[in-house]
Amino acid sequence: MVKAERVQPGDEIHMGPPITVDRYGPAARVNHWITALSLILLAISGLALFHPSLFFLTALFGGGQTTRWIHPWIGVVLFISFYIFFFQLWKANLFTRTDVKWLMSVKEVLTAQEDKLPEVGKYNAGQKMIFWGMALLIMALIITGVIIWDQYFLEATAIPTKRIAVLVHALAAVAIICIFIFHVYAAIWTRGTLRAMTRGTVTGGWAFRHHRKWFKELAQRRRVDPAE
Amino acid sequence: MTNSLQMDSPRTAVSNPPVQAMDSNLGERDLVRRSATSDLPPPERQLTAVAKLIDVSKCIGCKACQSACVEWNDTHPGVGENVGVYTNPHDLTEDMFTLMRFSEWINPETDNLEWLIRKDGCMHCADPGCLKACPAPGAIVQYSNGIVDFIHENCIGCGYCVKGCPFNIPRISKADHRAYKCTLCSDRVAVGQGPACAKACPTQAIVFGTKDDMKKHADERIADLKSRGYANAGLYDPQGVGGTHVMYVLHHNDKPHIYADLPDDPKISGVVQAWKGATKYVGLATMGFLAVGAALHGVFAKPNRVSHEDEEGAEEVLKDKLGGQSEERA
């Protein structure tokens, strides 16, 4: 019995040569890059108001006043685009027993000894943690962000509530920037990953090395487009 | 007042203004604090600390102070709506920097109704929460005479000062998205004049001068009130914010909250302190550390590359799983 979480609609092997595997369709990729761009702009504009030494970054947005009003709107864009993306991916990101084993082998993960790791499906435990971490933090950020969006919601909450919200917003932002750094770095360090989000495909070797269970199941289920 | 021009700050609000033109006596060189600025040079001189003293027991609720404030600051509050209380407008606004708040309080000891009138507005804290919270360099400043002022051209309208203030004073304008509050008439004090409200007060419930003089004056007033049976009369100069440069003489100084929720023990919220203290430094360090760590790992660690064996492995999986495919399809 093949578990539904490991493969997703649209995932398909192309016999090649070389063998490639469809990992993300055009809609998912557009969604990803809107989310990514929003997160980068939010991080820059947010950091500018977070620490005085970074206030100069407001110049990128045309000054402090513009930074102040544009930041929450970019947040709305991020929230919507991320959660569209979220509902495409969440099933494949549910944790399984394999994830525990994978997480226990942190040394092998960091030293790229993947032959010593259990075979993983479409996402490994690290990717799943990034996914759920992002989902949780973006929810926290939008809720606290609306509470401190005084231009429109000044009257909605009392000042003590806003104080807590602004602190939680800052902490969540620090956390999400850390996750963002992990995410980007992992995608660069694991060579051959970026093309999944640009061209939408990965090589057969990449799928075999990093997500062998996913690859095997695609083959098993005959989700294969025979040689061109 | 012949030597008023030689003095660094006016000693009273009731004197007539100097007749000769004079340069502004409050400038960049007098700043002791500047928001979001860590490398502020020390001030060139120390101005005498000034203060406004508001004696609530002498206030008759005439609102001359409000009118004077509106006139001097050239604000234009809209016509309000009467909802059955004297407080007008209903709250501080970006156009109303000071507000007489009227409270009806029944003294449980005497069963008398006491009509408490407190002139609300910026307290000019020695440790200003607004300034601590402000992210915009130079949008909030503190002069060595104690005045805390908003420099509007540097304000970005984020409302952090509202969250930082223990007295709920700053208001953000919906028109120009900048924060406004009482300036302690810094532009008058700079040229030897006391604040407009103190100048206009007909009973001298509002007086202005050096902080030392105001404390001495308060002592006399408190002694007088005590002699009239107000055993708890006292000076409101809350030390939780380092003392303030607007002080009250309260006839019930043991319970400031009866005066329209004046905080009993105001201090900058611990949440704000955590946000502007540990979070700011630890947060920045964590993000920086991680970014540098990732960069170093990228330079020195071997990348995780797909090997030739992986490519072969993929082909084998396909052969293995799809071995019979061509026959099936045939």
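Just so it is clear, glycine is given a Cβ too, placed from its N, Cα and C backbone atoms.
Taken from TrEMBL, the feature region 'Disordered' covers B:1-29 (among others).
Per TrEMBL, compositional bias 'Polar residues' is recorded for B:1-18.
Among the features that TrEMBL reports, domain '4Fe-4S ferredoxin-type' is placed at B:50-69 (among others). A Cβ distance under 8 Å defines the sequence-distant neighbours of the domain '4Fe-4S ferredoxin-type' (B:50-69), meaning residues of its chain 6+ beyond its ends; these are 9-10, 75, 86, 88, 96-100, 102, 115-119, 124, 145-147, 182, 184, 189, 195-211, 214-215, 217-218, 221, 225, 230, 233, 244-251, 259.
The Cβ of B:C65 ([4Fe-4S] cluster 1 binding site) lies under 8 Å from the Cβ of B:T98, B:M100, B:K119, B:A196, B:C197, B:A198, B:A200, B:C201, B:I206, each of these being in the same chain and 6 or more residues away along the sequence. The annotation [4Fe-4S] cluster 1 binding site is assigned in TrEMBL to B:C59, B:C62, B:C65, B:C201.
As annotated by TrEMBL, [4Fe-4S] cluster 2 binding site applies to B:C69, B:C182, B:C185, B:C197. DSSP assigns B:C182 ([4Fe-4S] cluster 2 binding site) to coil in the three-state reduction, outside any helix or strand. The C-beta environment of B:C182 ([4Fe-4S] cluster 2 binding site), restricted to residues of the same chain at least 6 apart in sequence and closer than 8 Å, consists of B:C69, B:F97, B:T98, B:G121, B:C122, B:H124, B:I169, B:V246.
For the domain '4Fe-4S ferredoxin-type' (B:113-145), same-chain residues at least 6 beyond its ends with a Cβ under 8 Å from one of its own Cβ atoms are 8-9, 26, 30-37, 43, 45-52, 54, 56, 59-61, 65, 92, 97-107, 151-152, 154-156, 158, 160-167, 169-170, 179, 181-184, 186, 189, 197, 205-206, 238, 241-246, 248, 258-260, 262, 266, 268-269, 272-273, 275-276. Taken from TrEMBL, the feature domain '4Fe-4S ferredoxin-type' covers B:113-145 (among others).
A coil conformation is recorded for B:C122 ([4Fe-4S] cluster 3 binding site) in the three-state DSSP classification, outside any helix or strand. Annotated [4Fe-4S] cluster 3 binding site per TrEMBL: B:C122, B:C125, B:C130, B:C165, in sequence order.
Around the Cβ of B:C155 ([4Fe-4S] cluster 4 binding site), 26 further Cβ atoms fall within 10 Å across all displayed protein chains. Taken from TrEMBL, the feature [4Fe-4S] cluster 4 binding site covers B:C134, B:C155, B:C158, B:C161.
Non-local neighbours of the domain '4Fe-4S ferredoxin-type' (B:146-175) in the same chain are 26, 49-51, 92-94, 120-126, 128-140, 181-184, 186, 189, 211, 240-241, 245, 263, 266-269, 272, 276; each lies 6+ residues outside the stretch with a CB under 8 Å from one of its CB atoms. TrEMBL lists B:146-175 (among others) with the feature domain '4Fe-4S ferredoxin-type'.
Per TrEMBL, the feature region 'Disordered' maps to B:306-330 (among others).
According to TrEMBL, the compositional bias 'Basic and acidic residues' annotation covers B:316-330.
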Quick one: pull the CA-CA distance for B:C134 ([4Fe-4S] cluster 4 binding site) versus B:C62 ([4Fe-4S] cluster 1 binding site), whole Å only.
35
Listed in sequence order, residues not in B:C59, B:C62, B:C65, B:C201 with Cβ within 8 Å of the centre of the [4Fe-4S] cluster 1 site Cβ atoms
B:I60, B:G61, B:K63, B:A64, B:M100, B:K119, B:C197, B:A200, B:P202, B:T203, B:A205, B:I206
Sites among the binding-site residues B:C134, B:C158, B:C197 close to chain A [C-beta, under 8 Å]:
B:C158
CB-centroid shell, 8 A cutoff, [4Fe-4S] cluster 2 site B:C69, B:C182, B:C185, B:C197, site residues removed
B:C65, B:A68, B:W72, B:N73, B:F97, B:T98, B:G121, B:T183, B:L184, B:P195, B:A196, B:A198
Measuring Cα to Cα, how far is B:C155 ([4Fe-4S] cluster 4 binding site) from B:C130 ([4Fe-4S] cluster 3 binding site) in Å?
12
